[in-house]
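A.B. asks: Please find one structure pasted underneath; my questions will follow.
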Number of protein chains: 2
Amino acid sequence: MATATEANALGYNLDVDYVVRYSFGDVDQSQAIKELEKLLRTLASVGLQTEVRQGDETSLLVFVRATSKRLKRAVYRSRVRDWLYGILNSEPDSAGSIEPATEAERLRVVNQMITLPTEEGGAGITPKHGEWKNVTNVFPLHDEETNKEWMREWSKKTFLSNEELDQIRDKFGESVGFYFSFLQCYFRFLIFPAVFGFSCWFFLGGYSIVYTAVNCLWCIIFVEYWKRQEVDLSCRWQTKGVSAVQTTRREFKPEKEVRDEGTGEMRGIFPATKRMQRQLLQIPFAFLAAIALGVIIATCFAIEIFISELYNGPFKSYLIFIPTILVSALVPTISAVLMSIATKLNDYENHETNDGYDVALTQKMFVINFITSYLPIFLTAFVYVPFASRIVPYLDVFRLTVRPFVSKEHCDSKKSHFQIDPARLRNQVIYFTVTAQIVGFAMETIVPYLKQHAFRKYKEYNRKRHGKPAQNGDKDSPERSPIMTYDDPIEEKDFLKRVRNEVELSEYEVTDDLREMCIQFGYLALFSPVWPLVPVSFFINNWIELRSDFFKICMEFQRPTPLRADTIGPWLDTLGFLSWVGSITSAALVYLFSGNPQHGPNGDATDIRGWSLLLAIFFSEHLYLIVRYAVQTAMAKLEPPHARKERAERYLVRKRYLDSTINADPEKDLQQVKDDTLPETPEISRVALEDDARHSSMHDADPAERFWTRQHGWTESAEVGAGIIRAQPSSGSAKKQQ
Amino acid sequence: MATATEANALGYNLDVDYVVRYSFGDVDQSQAIKELEKLLRTLASVGLQTEVRQGDETSLLVFVRATSKRLKRAVYRSRVRDWLYGILNSEPDSAGSIEPATEAERLRVVNQMITLPTEEGGAGITPKHGEWKNVTNVFPLHDEETNKEWMREWSKKTFLSNEELDQIRDKFGESVGFYFSFLQCYFRFLIFPAVFGFSCWFFLGGYSIVYTAVNCLWCIIFVEYWKRQEVDLSCRWQTKGVSAVQTTRREFKPEKEVRDEGTGEMRGIFPATKRMQRQLLQIPFAFLAAIALGVIIATCFAIEIFISELYNGPFKSYLIFIPTILVSALVPTISAVLMSIATKLNDYENHETNDGYDVALTQKMFVINFITSYLPIFLTAFVYVPFASRIVPYLDVFRLTVRPFVSKEHCDSKKSHFQIDPARLRNQVIYFTVTAQIVGFAMETIVPYLKQHAFRKYKEYNRKRHGKPAQNGDKDSPERSPIMTYDDPIEEKDFLKRVRNEVELSEYEVTDDLREMCIQFGYLALFSPVWPLVPVSFFINNWIELRSDFFKICMEFQRPTPLRADTIGPWLDTLGFLSWVGSITSAALVYLFSGNPQHGPNGDATDIRGWSLLLAIFFSEHLYLIVRYAVQTAMAKLEPPHARKERAERYLVRKRYLDSTINADPEKDLQQVKDDTLPETPEISRVALEDDARHSSMHDADPAERFWTRQHGWTESAEVGAGIIRAQPSSGSAKKQQ
């Protein structure tokens, strides 16, 4: 009998590649059985072994494993496709000797075997879509041992090494690998602004020009360095140009069929111009989002100002929570509505590949993210502080809403004198960069984990309370709850329990984590002059973030299907954009607040301040652009090491090919070209000259030929030339004639 | 005997590929003869036929023609190199059957045979450099027939077709081809602003917002369209990525030798970081140039204001020319000094390739060009008109310089009242965009032509006056001028006369013409709101320019050695930069002058005007950037047709290779993979099951294997699954147990 330790060995997942969840709750039994047969037959036809177990009362779990021979063929086919599209440099070895290079490649190829359309060699199973809509999940199982081991190791170190990032890529694919590499790079880069920010905060306080300038420079260098690092990684992980092999989205509706010039196959296309027209709808959408969210946030902001600084009636300490509640209730609701509009717009745009779809969706979402994340601070910094003394008297309108609830004398007699709260901006920044990060961490990582555990305990409790083993034969109690135990083999019980837990988890999207990091970067670029300890907070947060994100992937999400990527996508442009906006806002903040903030917003001086404010912004932004251009130029000259290797490899592949064909070439080849350097040097004889003269006079010879035959060979030319030289007069030497 | 018409046939240039001019005026005769021998021997050793004729009294002309066999080998070697570096997609045919595809390729390869270092298979002849410094020129001869024919044809048409541009490329190489393609594209694009500008000028006058906005949009679209067109052309002319095969500059001084990873050869490198440090010197240089030229131009400008508008003493109509003379004398002088400093700096930077050298030099020169071309108008528009009423009183200092020359009473009594000349700006723009263009055309094309003819006539006259044929034996008259007739064969006289004329010409640099076009574009982008007829003037000028530039290349320069290029180089960035600056200056011009220009510069209102001016610039610039981003994104989605073809070709090349290896592969290949889709479906028999049970109990079987052998084949899995489905309770159906 196998020992317990063997179960934890390589075969921990019992060699299962993928788990396919088939749900039969919505269809009647005969149709379910037919669909199940079809599913299993299709899987088997592409070379996948199957095992069926029960999932829960309305689903089956189909465990899938690829047979060795068919897997090799699928890997070969995938690599050939890569080579045809220029992602790999040398053509793959023949199909017989190929093995998947990494676990991620194996899982990716098996996923292709399951999901690619039949004409491309796959089973054509499209979860939740079309004829397979009862197939709800297709996911691989977590490698719990390695996950735990990595989490233990990483909690002891500060930095992950390149080898560990490679390990992440080997297990989870390049897309996740890029995210962790980005996070690690960002974390490493944060050391400098953390240290510098701390010293500036200590010695100079907030709003210092020195800190702002260094901060903007840091943002430029970080973004440009990451761009270079992306190229390096994509060469190292051999995914450069991988967007060329993206498969078509199954929701893509082509307008017409066209024969592709390259591959010679028919493929559906949708004209790019038509898509661009549809994309123009993004402009009204952006306005709608800006107005909707802006109005809500601004109104809640105004209410908050009123209550916290103007109002002095009863229940102040309770009413202060009204704007917070309003914001927390309204903003996510409106955001969700806007996100669904964005998704519908995105579907309308009919993108051809998943990448294209994701990029476009990210761009739309970013408008929403930008407003919800940064507008509150913008309002405080650029509306409240400069113009409060003008606007606040208008806020008295809110008194009218309060009046019915408060007695008249309370209201009138407590008209307080309005004073700007100078620490408001700083407190708000501290809130967003420290408190919100901690709350976000809790919401993202801890709460779902606790929820899962609570849910599982509840299900267990339910099962123990209601369920009796079916073997008792008690069929006549319709009120009794259905059977909750499963007919599992003994040795598979733990395994299947784990699998059933993993089935309940949701799918992981790396773009959500990237969004979070970009928004965080935005705070650093836009608002850190207010409170120079922002990078310190982010530094600590990101150390935890890397490990907590890994924990999240392992514990709270299904193991993601490995995806290939050569970039973090549209977030890179976002970083550049935030860096640019940061140059403007930083200059404005320093200008407005570097003096005494009380004296800033003064009605008379607004015009002059406005003029020099705009001038400061003008200079700051253009200085930013010049420095960014210089850094880009400098970075472009430093070729990343792996890119250089990849270029050299491309050269060597062709060189080897050339050498092999040259040796086979019976004609004079390059080697002979190098050897054969000495031409014949015929003697110049009178006979030859006379022959030539006779020859040329006898035929209608080409005047060109006559020109070229006057001097046979270079020696004769040399003599003629020497004669000409001697014939020329030169100072002090006797004149000789030819 | 050959007839006269035959001489004008294909062999018009007597099949001469290159003319090498060897000058022996500086060395004594025996050394000259030795060098000549060495030159001819080296040329012959790479397979070039030579013929020597006399050039003039201090030089010889060595006519060079490549032998067919060696030329084929050189073409093959060049194409192999292209293929190794990824410029060509498919490897070239074997050496035996290769012909140069175009005349330009032939000339380029022969030039390589002459100039490449010996280790790369060339003769290693480096004109004016090192051991070959008496070799002063290496150039091909003009094909006069074709040149004349083309000039005749083009003078009849408005637009050149793509085929004609291809013809230019076939004759003169891709570098010149790109210039003419750019010029043609720019000309075509100018139709719209010419028409639109004319209507705006007619209906709206100057400084209209409509015209400015459309102008900026046009600039964006033109630059982005040309970028796309460059990619298309480089794919069509198969030079994409050609910068990878640039040969090392001979003046390059490597710091150390390093083994190249790709090619495995030793090559000298100079660290990019060290070069970047040296490039930092550009910053003080730019300041120096700005200050030097700026002071001169500003001073002359001030003098001109004084004399034309303040001064009313005698000789005014003569004194008015002083600033013009000063500018025309000082600015070119200082520019020349600055350019020599720039060249020295550029040499110091030790660039590795000619392309790198040219790009860096262009960037340095551009500072000089920008200031000399645009600063006068900047001064008029943004210093004179807004601030003149403040500054002009200070100009009275010039009165002091005039005082000694003019009687006292004239000076004092003629203190005129200062009034801004509103048409000054417009007149200045008209000067730069019409007058200066015409003068430039004359200086560039007509004057050198006339100079040449005058010079030749003078030489002829001299020769006829002084020279007697040497056959007269008159050796004893030392005062007599040297012999001016040459000992040419009769039938070569005309030919050699033509060659001797061509030897006198200078070398053509395409970058000068590109600079001229970019500066012209700058006027359009920056200042055309002042006078909307600017594009009309440029439209007419560019029609003439294309033909006159071709005339210039054919008549006033030696035929250029064909160079390959895949871009117009740093001028593309310059166009983008000028377009950007244009968005700022256009907004400022419209803002300052769209009202009554008299009322603009008024001391009191300056502050308010300053603030809203900056706001206008802020919005205009950012609107420009947003629109540019949108246009770039839209253009990126529209793949140029030839780029698509090139990508398809790359795919097909690899596909063909794959198909050829698959058929040769004895193992199961991709075809079989597609056929072999049905797995075996073994019967489930009781015997088999029992065997399995026995088998698993007898060995320490892998738990994974036990898992996977519970259900043999998909049919058994289907049965198990069906059982599970039936076992689940469903509404209305009887419960069945397995």
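Just so it is clear, glycine is given a Cβ too, placed from its N, Cα and C backbone atoms.
TrEMBL: automatically predicted annotations, no manual curation.
Below, the features straight out of TrEMBL:
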type     : residues  : note
COMPBIAS : A:691-708 : compositional bias 'Basic and acidic residues'
DOMAIN   : A:15-135  : domain 'Anoctamin alpha-beta plait'
DOMAIN   : A:168-649 : domain 'Anoctamin transmembrane'
REGION   : A:463-482 : region 'Disordered'
REGION   : A:691-712 : region 'Disordered'
TRANSMEM : A:176-196 : transmembrane segment
TRANSMEM : A:202-226 : transmembrane segment
TRANSMEM : A:285-307 : transmembrane segment
TRANSMEM : A:319-345 : transmembrane segment
TRANSMEM : A:366-387 : transmembrane segment
TRANSMEM : A:429-450 : transmembrane segment
TRANSMEM : A:571-593 : transmembrane segment
TRANSMEM : A:613-631 : transmembrane segment
A.B. asks: Ranking A:176-196, A:202-226, A:285-307, A:429-450 by Cβ pairs under 8 Å to the transmembrane segment (A:366-387), which is first?
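C.D. replies: The stretch I would name here is A:285-307.
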A.B. asks: Determine the mean pLDDT over the domain 'Anoctamin alpha-beta plait' (A:15-135), rounding to the nearest whole number.
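C.D. replies: Mean pLDDT across the domain 'Anoctamin alpha-beta plait' (A:15-135) comes out at 86.
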A.B. asks: Can you break down the domain 'Anoctamin alpha-beta plait' (A:15-135) into helix, strand and coil residue counts using DSSP?
C.D. replies: 56 helix, 24 strand, 41 coil
A.B. asks: Honestly, do the transmembrane segment (A:571-593) and the transmembrane segment (A:613-631) touch, with at least three Cβ pairs under 8 Å and pairs 6 or more apart in sequence?
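C.D. replies: With 3 or more qualifying Cβ pairs, these stretches touch.
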A.B. asks: Take the transmembrane segment (A:429-450) and find every residue of the same chain, 6 or more past its ends, with a Cβ under 8 Å from one of its Cβ atoms.
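C.D. replies: Distant Cβ neighbours of the transmembrane segment (A:429-450) are 373, 376-377, 516, 520, 523, 527-528, 530-531, 534, 537-538, 541, 544-545, 548-549, 551-552, 555-556.
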